[in-house]
Amino acid sequence: MTFSEILDRVGSMGRFQFLHVAILGLPILNMANHNLLQIFTAATPVHHCRPPPNASTGPWVLPMGPNGKPERCLRFVHPPNASLPNETQRATEPCLDGWVYNSTKDSIVTEWDLVCNSNKLKEMAQSIFMAGILIGGLVLGDLSDRFGRRPILTCSYLLLAASGSGAAFSPTFPIYMVFRFLCGFGISGITLSTVILNVEWVPTRMRAIMSTALGYCYTFGQFILPGLAYAIPQWRWLQLTVSIPFFIFFLSSWWTPESIRWLVLSGKSSKALKILRRVAAFNGKKEEGERLSLEELKLNLQKEIALAKAKYTASDLFRIPMLRRMTFCLSLAWFATGFAYYSLAMGVEEFGVNLYILQIIFGGVDVPAKFITILSLSYLGRHTTQAAALLLAGGAILALTFVPLDLQTVRTVLAVFGKGCLPSSFSCLFLYTSELYPTVIRQTGMGVSNLWTRVGSMLSPLVKITGEVQPFIPNIIYGITALLGGSAAFFLPETLNQPLPETIEDLENWSLRAKKPKQEPEVEKASQRIPLQPHGPGLGSS
């Protein structure tokens, strides 16, 4: 008897599964608000130097830029030198008395004057948040293996709720960055546990649908944020509004059951059996649940227990040439996807279009993009889909370099197209990486690969600072990186309709078969298929 058959006995798609997926999905819906929050809480309005006390606000105080508007970071020295009759010859100085902001909405930029020489701090805040996700993945992944999925999920909900609320009351910018780091740390724990707990409790035939539903929760969450930001103009209240729900999720998570596989592998089979019987009773199959025994449960997971005893580390990813090449190519693709995604997702205000409408469009393009990706993965294959997604995204980003700023419509269309390609890349990478790595080292391979997408996400905001040297430099860097990531996919083997490798030896045999003349394809067993799982930047770990 397999675990899927045990799941069928207790109810594989009963009331429990639907409630379970809903409880896991609602936090993902709200998690998108935190990932993209700085689009609105760190918006930079039009601004100019505050005039000196007792000075008139006119051209004698504020020098005009090439566009006929006041310079944002300079003002004339006051009082003026009477010996210089031409105002263009007057000396200028930085904004010594602060700035005047042309906006009714406040943000961390207007509160702490993160403009001109301090504008780098705005990008630093987003990178600090991404660093929290990166460090959280490294720390909480190990803790999840030691203490279980549910405790990490529960603590992560509480951490995100508390640190998000703390950020709303931050008295200074450094304290705000500390809380944002902790927010990212909590998000990483939520992602890690949610993906595992979602997949385990649904049957194989329904995993694609349920994983699709979970993936779309993040997509639809992107529609909520613009509405909240429009209705709540104060950044502190907006920060608090998106954080409070996680206190509720913290309470509801106590209903979420622990991973059965983790319990059995940790020597807690009796507790696993109690949970299975509780699920059976909830699904109206109490008698079937009572018939289950510890012997059946252990026998079912015997293979997984044996695999768990085989210890593999990240160094094993570089032990054989094929595995080493795969790791390099996948890491580059993951890095490029996270790097390019956040260049567009967090650069909404750069296109000169209504911030709220464009964010809704950016979220909406994910819906058809993920659907097209599923079709492409099924019919064109993995490495073709992966290469196309990143190459098209890179091409769109590079094209932005050559489109004048006044052609806002063209620039917006290119940005939306590129944004749609990048979630497709995430979706493909999640499936592709799972299929390429052998079972005995799959979790390690996924962890290393996902580490690189977090590094890319963390570095992405910092690259925008190079725009101060030349405005086109950031898009050149983003675009070329995406093209390199797409090209790396051509060096990866195709996995469509191929059996999953269980051990490193299986992978070596797969490599030897690939060098032989092409024969009839091996029929893939249904039990070996990994479902297509739409993936997003907030669902980056498993």
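The chain as shown is numbered from 1 upward.
A Cβ is built for glycine as well, from the same backbone N, Cα and C atoms used for every other residue.
Note that this is a predicted model, so its numbers are computed, not measured.
Annotated compositional bias 'Basic and acidic residues' per Swiss-Prot: 517-527, in sequence order.
Taken from Swiss-Prot, the feature phosphoserine applies to SER4.
Annotated region 'Disordered' per Swiss-Prot: 515-542, in sequence order.
Residues annotated as topological domain 'Cytoplasmic' in Swiss-Prot, with sequence analysis given as evidence: 1-20 (among others). Across the topological domain 'Cytoplasmic' (1-20), the DSSP tally of helix, strand and coil residues reads 14 helix, 0 strand, 6 coil.
Taken from Swiss-Prot, the feature topological domain 'Extracellular' covers 42-123 (among others).
Summed and averaged per residue, pLDDT over the topological domain 'Cytoplasmic' (145-154) gives 88. According to Swiss-Prot, the topological domain 'Cytoplasmic' annotation covers 145-154 (among others), on the basis of sequence analysis.
If you look up Swiss-Prot, you'll see 198-212 (among others) marked as topological domain 'Cytoplasmic'.
According to Swiss-Prot, the topological domain 'Cytoplasmic' annotation covers 258-327 (among others).
The feature topological domain 'Extracellular' is assigned by Swiss-Prot to 349-354 (among others).
Here Swiss-Prot flags 376-386 (among others) as topological domain 'Cytoplasmic', drawing on sequence analysis. Broken down by DSSP into helix, strand and coil, the topological domain 'Cytoplasmic' (376-386) contains 9 helix, 0 strand, 2 coil.
Annotation source Swiss-Prot lists topological domain 'Extracellular' at 408-471 (among others).
Look at Swiss-Prot and you will find 493-542 (among others) tagged as topological domain 'Cytoplasmic', backed by sequence analysis.
If one looks beyond the transmembrane segment (21-41) by at least 6 residues along the same chain, the residues whose Cβ comes under 8 Å of a Cβ in the stretch are 107-108, 122, 125-126, 129, 157, 160, 164, 183, 187, 190-191, 194, 197-198, 202, 210, 213-214, 217-222, 224-226, 228-229, 235, 238-239, 242-243, 245-246, 249, 252-253, 255-256, 345-346, 348-349, 355, 359, 536-539. The transmembrane segment annotation in Swiss-Prot covers 21-41 (among others), and the record cites sequence analysis as its basis.
What Swiss-Prot lists as transmembrane segment is 124-144 (among others).
Per Swiss-Prot, transmembrane segment is recorded for 155-175 (among others), and the stated evidence type is sequence analysis. Non-local neighbours of the transmembrane segment (155-175) in the same chain are 27, 34, 108, 112, 114, 121, 125, 140, 182-183, 185-190, 193, 236-237, 239-240, 242-247, 249-250, 253; each lies 6+ residues outside the stretch with a CB under 8 Å from one of its CB atoms.
Positions annotated as transmembrane segment by Swiss-Prot: 177-197 (among others). Using a Cβ-Cβ cut-off under 8 Å and counting only residues 6 or more beyond its ends in the same chain, the transmembrane segment (177-197) has close neighbours at 20, 24, 27-28, 31, 34-35, 124-125, 128-137, 139-141, 144, 149-150, 152-153, 155-160, 162-164, 166-167, 170, 214, 256, 259, 538-542.
Tertiary neighbourhood of the transmembrane segment (472-492): same-chain residues 325-326, 328-330, 332-337, 339-340, 343, 382-383, 386-398, 400-401, 425, 432, 436, 456, 460, 463-464, 466, selected by CB-CB distance under 8 Å and a gap of 6+ residues from either end. Remote same-chain residues near the transmembrane segment (328-348) are listed as 36, 38-39, 126, 130, 355, 358-359, 362, 386, 390, 393-394, 397, 415, 418-419, 422-423, 425-426, 429, 432-433, 436, 445, 448-450, 452-457, 459-461, 463-464, 474-475, 478-479, 481-482, 484-486, 488-489, 491-492, 537, 540 (criterion: CB distance under 8 Å, separation of at least six residues from the stretch ends). With DSSP classes pooled into helix, strand and coil, the tally for the topological domain 'Extracellular' (408-471) is 59 helix, 0 strand, 5 coil. Residues 333, 424-425, 427-429, 431-432, 435, 486, 489-490, 492-496, 532 of the same chain lie 6 or more positions beyond the ends of the topological domain 'Cytoplasmic' (376-386) yet place their CB under 8 Å from a CB of it. Through the fold, the topological domain 'Cytoplasmic' (1-20) approaches residues 197-198, 201-204, 206, 210, 256-257, 260-261, 276-277, 279-280, 282-285, 288-289, 291-292, 296-297, 299-301, 527 of its own chain, all at least 6 residues removed from its boundaries and within a Cβ separation under 8 Å.
Outside the topological domain 'Cytoplasmic' (145-154) by six or more residues, the chain places 189-190, 192-194, 196-197, 250, 253-254, 256-259, 262-263, 266 with a CB less than 8 A from a CB of the stretch. Tertiary neighbourhood of the topological domain 'Extracellular' (349-354): same-chain residues 39, 43-44, 405, 408, 411-412, 415, selected by CB-CB distance under 8 Å and a gap of 6+ residues from either end.
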